[in-house]
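Step one of this worksheet: look at the structure below.
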Amino acid sequence: MHSTHIVYFVLGLTVGGLWVQAEIQKPITEQCLICMCEALSGCNATAVCVNGACGIFRITWDQWVDSGRLTIPGDSPLTDSSFTNCANDPYCAADTLQSYMVKYGQDCNDDAKEDCYDYGAIHYMGPFNCKADMPYTYESIFRRCLRNAMRDDKRQKSS
Ligand SMILES: *[C@@H]1O[C@H](CO)[C@@H](O)[C@H](O)[C@H]1NC(C)=O
């Protein structure tokens, strides 16, 4: 084997290994993420922080730190702006929530499954208070979005 081929081969293994490591678990479905942002911000992608909670999912600094300080490409995990940059980036913010639910996912409403309702409650009220009632407006938008998604899903399957 030519030496440059060996270099590429080793590089490939290394990058491959990093890739597997960087691949994070994703317990939250795409549809669930959509309904969460719908209820939290109307999925308004304008970069904004409301009372310290930023982006379409209104992620807080504490959640970001707790989730492993994910960053957009090129940012350092150690600066304050990395938090707002990540929370205001839909992909980085979604991955942050995924990693948060890997850590804190649980059955909050005692229906014997861990699903989108639980994630919505955990994100809004915190992992240690997720059995409490969700605020009315948040819950009604969230549930309506999930109901509509299920209905569209059935319609697609039957057509
Ligand atoms: C999105 O949020 C920004 C900042 O809060 C606001 O100015 C804008 O009107 C919102 N857009 C929509 C479509 O609601």
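Each residue, glycine too, has its Cβ placed from N, Cα and C.
Per TrEMBL, the feature disulfide bond maps to Cys32-Cys116, Cys37-Cys43, Cys86-Cys92. Taken from TrEMBL, the feature signal peptide covers 1-22.
Positions of TrEMBL features highlighted on the structure.
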| residue | record | Cβ within 10 Å |
| --- | --- | --- |
| Cys32 | disulfide bond | 22 |
| Cys37 | disulfide bond | 22 |
| Cys43 | disulfide bond | 16 |
| Cys86 | disulfide bond | 24 |
| Cys92 | disulfide bond | 21 |
| Cys116 | disulfide bond | 21 |
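Across the structure, Cys86 (disulfide bond) and Cys32 (disulfide bond) are spaced 20 Å apart at their Cα atoms. Look at Cys37 (disulfide bond): DSSP puts it in a helix.
Cα to Cα, Cys92 (disulfide bond) and Cys37 (disulfide bond) are separated by 14 Å. In the three-state DSSP reading, Cys43 (disulfide bond) counts as coil. Between Cys37 (disulfide bond) and Cys116 (disulfide bond), the C-alpha separation comes to 12 Å. Straight-line distance linking the Cα atoms of Cys43 (disulfide bond) and Cys116 (disulfide bond), rounded to a whole number, equals 17 Å.
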